[in-house]
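Enquirer: The following feature annotations were taken from TrEMBL:
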| type | residues | note |
| --- | --- | --- |
| DOMAIN | 403-519 | domain 'PROP1-like PPR' |
| REPEAT | 175-209 | repeat 'PPR' |
| REPEAT | 210-244 | repeat 'PPR' |
| REPEAT | 245-279 | repeat 'PPR' |
| REPEAT | 280-314 | repeat 'PPR' |
| REPEAT | 315-349 | repeat 'PPR' |
| REPEAT | 350-384 | repeat 'PPR' |
| REPEAT | 385-420 | repeat 'PPR' |
| REPEAT | 421-455 | repeat 'PPR' |
| REPEAT | 456-490 | repeat 'PPR' |
Amino acid sequence: MGLFRFLKSLSKTPRKTDLSSSSSSTFNQKPVFVINSIPNHKTCRGHKTCRGFLSNHHLTFYRSIHIDPTQNSTETTSEEAERICKLVSKNTPNIDSSLDKASLNVSAMLVFGVLKRLSNAGVLALSFFRWAEKQNGFKHSTESYNVLIESLGKIKQFKVIWDLVYEMKQKRLLTKDTFALISRRYARARKVKEAIDAFQKMDKFGLKLESSDFNRLIDTLSKSRQVEKAQEVFDKMKKTRFEPDIKSYTILLEGWGQDQNLLRLNEVYREMKDEGFEPDVVTYGIMINAHCKAKKYNEAIMLFQEMEVKNCKPSPHIFCTLVNGLGSEKRLSEALGFFELSKKSGFAPEVPTFNAVVGAYCWSMKMNDAYSAVDEMRKCGVGPNSRTYDIILHHLIKARRTKEAYSIFQKMSNEAGCEPTVSTYEIVVRMFCNEDRVDMAIRIWDQMKAKGVLPGMHMFSTLINSLCHENRLDDACKYFQEMLDVGIRPPANMFSNLRQALLDDGREQTVLLLVHKLDKLRKTQLVGNGR
């Protein structure tokens, strides 16, 4: 059945669409609640076949740089990692002695798990890393080095990162993934030249550059909102060092699509076809997503129709993208139509697609239908996951339904796979700060810390700004100091707010002290390996 005939047939059915081939009776019931991280509802995130909009036979490995050896970790290891994180964060000045007294059985899995949890606290991560390497019989893996480099990159400690690279070389642990991580962190810090230099240094460390590495570089730049520079690198290297393949063009198409620059997107698309590369399902997926992102939904549907004409079978990701996009535009019946069409195309419903349906209902504030969709996910055995409930949480907060949102948040931990993450805590803390309920925000903060989850820069900023607004300056200074202790550099506007609030309160000496501490953090490099 053609797309438009199918959608037309849907218009004859009742508005409330059944999400399964079985009875829709569950759609009249409210589910048990649970939740996780704030998604961008207008993109398809987390899809196993399209993470970053690229399929496995294209560039999925560019999206997921380091291997996670904790994927099969036991619950005991996770609990031990949580306990260590609590210990480390509470005893910042005396980490080594605190860990020594804890009688820990150090393993590669445990160390990786702790470093992962300390990803927002580069200073603490480095201290734990150095402590672990002193333990009898323990040796760091490539993965533990890489996760540490990732956390240090967040606080721009590039000198220490390069010290670690030399260590890895001596221990024969270096891989191309390490350089990809470093390039990505430079690019996100808007240090484009350094990102390219890091890539080119692979040769000096004995790692031969191949075409796939050039693709990875332009992908890194593109994903860091440097698609203009990625295009420049592509154009330059195309003439000298490598021959582009369909992956190369795919990366640039996605970059220009994320930049919502349809003019440049179409230029690359034409060049790709001129070079003899025909669009495949991945290309169409990116083109459809780009048009949805630019709110050109009718054009996106036309691209889908073009695929049908060319007998190019859509992937689950493409259906997910259209459900997301149309749902965000409150074109609910069409969004649900594509969900039904995905099932008729032979695809079993997956968590990301179901999440898109939940989001579509939420955009139209049909919350009972969203809750019923969650029930249907359970019946089908495909979730929900924490992202499912973060979608709901996000929309409830946006609608100022604070009580309902908090009720859901409280129930999150009762369902496997739906425990709050740092992103969840961040949105709930922000919710209470925006409601001028900073005491509740601090209560959530303390719950988070008790779980061994550490806040990032934005979460610190939200809380400190709210404390300044309520003139709770002692508390604001306390959290500011905690922020500095883990090596996070505060945003200029947040520090400006704190500084002005202190000056207005006649606390010039406190301002001078904080300025001194901040200046010291900016100028001080962490100790690497003593090179």
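Cβ coordinates are placed from backbone N, Cα and C, and glycine is handled just like the others.
Automatic, uncurated: that is what TrEMBL annotation is.
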Enquirer: For the repeat 'PPR' (315-349), give the DSSP counts of helix residues, strand residues and coil residues.
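Expert: Each residue of the repeat 'PPR' (315-349) counted once, the result is 26 helix, 0 strand, 9 coil.
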Enquirer: Across the repeat 'PPR' (210-244), what is the average pLDDT of the model, as a whole number?
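Expert: The average pLDDT of the model in the repeat 'PPR' (210-244) works out to 88.
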Enquirer: Could you give me three numbers for the domain 'PROP1-like PPR' (403-519), the DSSP helix, strand and coil residue counts?
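Expert: Across the domain 'PROP1-like PPR' (403-519), DSSP assigns the residues as follows: 89 helix, 0 strand, 28 coil.
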Enquirer: When the repeat 'PPR' (210-244) is classified with DSSP, how many of its residues are helical, how many are strand and how many are coil?
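Expert: Secondary-structure composition of the repeat 'PPR' (210-244): 27 helix, 0 strand, 8 coil.
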Enquirer: Would you mind splitting the repeat 'PPR' (280-314) into helix, strand and coil residue counts from DSSP?
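Expert: Helix, strand, coil within the repeat 'PPR' (280-314): 26 helix, 0 strand, 9 coil.
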